[in-house]
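Peer 1: Pasting in a structure now, in structure tokens, and then I'll have a few things to ask.
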Amino acid sequence: MPPTPCSLCHTARALVKRPKTGQPVCKDCFFEVFETEVHNTIIEGDGIFARGESVAIGASGGKDSTVLAHVLSVLNKRYDYGLDLYLLSIDEGITGYRDDSLETVKQNQVEYGLPLKILSYNDLYGWTMDKIVEQVGRRNNCTFCGVFRRQALDRGAAQLGVDHIVTGHNADDIAETVLMNIMRGDIARLGRCTAVTTQSEDTIKRSKPFKYAYEKEIVMYAYFKKLTYFSTECIYSPDAYRGHARVFLKDLEAIRPSAIVDIIHSGEQFVLEQNVQKGMKAMQTCLRCGYISSNDLCKACALLEGLESGLDRSALRQTQDNSSAAPTGHRTIPKFERYSSGTSTPQDKALAQPTEGIERAVQAIEIR
Amino acid sequence: MASTSDDIIKNSNGLGYTASSAAHPETLIKPPAAPSKGQDTIEVRLEFGGGLHLLFSSQPRHTINLPRFVPDSDASPPQPVNMRYLVKWMKGNLLSEREEMFGDGDGVRPGILVLINDADWELEGELEYELRDRDEVVFISTLHGG
């Protein structure tokens with residue numbers, strides 16, 4: 001086959017076939033369009049960043065967050081966003097899995113000159129994932145890890161004093177999530193999983209600048225830029241449900257590459273009606289740790305209580321005995337410190353109407 | 001146009017593995033099943049990224065010798081070996097575990113990117129690409145976590 005010329009500059013040899021458009025592009029034009037599309041996602045509408053904002057990049061050492069740290073550093077300079085960027089990593093305490101990727105993040109810290117904060121499950125919850133798996137087994141441990149990571153990121157951001165977390169979720173991830181939420185009937189999450197930025201009243205803002213970036217292009221970018229990342233698979237039960245959605249999506253992409261962005265667009269078209277939204281739970285703060293929650297106890301506190309009691313099953317069922325104080329002798333999560341005014345009192349608790357609703361049903365489905 | 005001054009680092013492999021995580025990153029192996037180097041063979045360099053090396057004896061780099069033409073074929077003129085032949089050869093000679101994580105039918109599993117001499121194989125004819133001496137083929141899995 002003769003070399004294909006770049007469809008943009010018409011001079012250099014094309015090295016990438018863009019999955020979104022099918023265009024063959026050369027290396028330089030590829031960098032240019034990839035970075036520009038991320039920039040466009042960032043400035044779309046009112047833009048996801050405010051000038052002078054402090055932003056933490058959720059950094060795992062994997063390809064997505066590494067490319068995100070690189071691209072954001074480049075764009076922040078090129079377009080003068082005026083952002084203070086930080087790297088924020090979570091150490092789940094999984095021997096032989098996180099060690100290498102945390103080393104990678106430490107190297108990224110040097111390469112990009114960004115301050116790095118590492119927060120561990122062990123420091124925050126008194127449990128490593130290794131210990132959790134020892135107690136609850138491999139079947140449900142992803143639930144613990146997911147809940148704990150989300151809260152750990154927010155707490156790390158609060159400690160850094162940043163207002164905004166960006167994550168490396170890419171177009172493939174979001175399309176997968178749309179499919180999973182449809183299959184689970186989780187309309188609450190379906191409604192918000194395609195948003196570039198999410199923020200409920202009391203949480204730290206989260207954004208996904210790679211919403212429209214295909215995984216293939218992220219991997220190609222990392223390869224052509226020779227970025228330092230670490231690719232590994234969690235040694236504890238990979239998320240099986242997501243795995244099925246992922247394989248299905250990759251099969252679709254092989255037939256029609258635009259399927260990924262098409263699914264994201266479909267997800268965006270789902271809008272919850274007002275009366276359905278009213279039926280869902282109002283947000284409050286956790287009576288024990290002060291973190292945002294739809295129940296008296298946030299999921300992390302409920303899971304931790306289960307672990308401390310040795311009741312792994314009940315932790316998953318989220319039975320709550322409505323006591324704001326942890327049982328004697330149990331380890332607890334430190335108070336969430338960002339919003340001291342939001343700390344609940346017993347009066348607040350009496351006022352909070354526990355609403356049975358879709359969210360609870362959804363939790364039951366999700367957790368199984 | 002993106003200027004090269006954007007480049008922050010230049011000293012990594014961009015493939016998601018570190019030397020310490022790979023068994024013998026510099027070792028060149030020539031499996032016994034491969035024909036010995038000679039007039040009728042070509043040398044092909046393979047590299048694995050995105051964690052794929054774990055399926056190939058944990059070695060990210062391999063140099064192999066392939067016959068120049070598909071053996072035991074009645075085709076006339078002789079048919080040069082192509083990517084389809086290479087993938088099949090890899091399954092039979094190089095893959096150390098979990099074949100389903102690499103192969104899918106005649107090809108590779110969706111989600112594995114292939115570059116031939118640094119070009120996306122989708123621009124090079126994919127399985128029909130005819131291999132030449134000293135070609136470099138890179139396989140990168142996108143299926144692992146980010």
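Every residue gets a Cβ built from N, Cα and C, even glycine.
A quick note: this is a predicted structure, and the numbers were derived from the prediction, not measured.
As annotated by TrEMBL, domain 'tRNA(Ile)-lysidine/2-thiocytidine synthase N-terminal' applies to A:55-233. If you look up TrEMBL, you'll see A:GLY58, A:ALA59, A:SER60, A:ASP64, A:ILE90, A:GLY168, A:ASP173 marked as ATP binding site. TrEMBL lists A:284-310 with the feature domain 'Cytoplasmic tRNA 2-thiolation protein 1 C-terminal'. Under the heading compositional bias 'Polar residues', TrEMBL lists A:316-326.
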Peer 1: Between 0 and 100, where does the mean pLDDT of the domain 'Cytoplasmic tRNA 2-thiolation protein 1 C-terminal' (A:284-310) sit?
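Peer 2: On average, pLDDT over the domain 'Cytoplasmic tRNA 2-thiolation protein 1 C-terminal' (A:284-310) sits at 86.
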Peer 1: Is there any among the binding-site residues A:ALA59, A:SER60, A:ASP64, A:GLY168 whose Cβ is under 8 Å from chain B, and which ones, in sequence order?
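Peer 2: Qualifying residues, whose Cβ lies under 8 Å from chain B: A:SER60, A:ASP64, A:GLY168.
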Peer 1: Do you know which of the binding-site residues A:ASP64, A:ASP173 has the most other C-beta atoms within 10 angstroms of its C-beta?
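Peer 2: Checking each of A:ASP64, A:ASP173, the winner is A:ASP64.
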Peer 1: Would you identify which of the binding-site residues A:ALA59, A:ILE90 has the most other C-beta atoms lying within 10 angstroms of its C-beta?
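Peer 2: When each Cβ's neighbours within 10 Å are tallied, A:ALA59 tops the list.
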Peer 1: Let's check the environment of A:GLY58 (ATP binding site): how many other CB atoms sit within 10 Å of its CB?
Peer 2: 24
Peer 1: When DSSP is mapped onto helix/strand/coil, what comes out for A:ALA59 (ATP binding site)?
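Peer 2: For A:ALA59 (ATP binding site) - judged by DSSP and reduced to three states - the answer is coil.
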Peer 1: On the three-state reduction of DSSP, what should I expect for A:GLY168 (ATP binding site)?
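Peer 2: Going by the DSSP assignment, A:GLY168 (ATP binding site) belongs to neither helix nor strand, so it counts as coil.
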Peer 1: What is the biggest Cα to Cα gap, in Å, among A:GLY58, A:ALA59, A:SER60, A:ASP64, A:ILE90, A:GLY168, A:ASP173, the residues listed as binding ATP?
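Peer 2: Greatest Cα separation within the listed binding residues comes to 20 Å.
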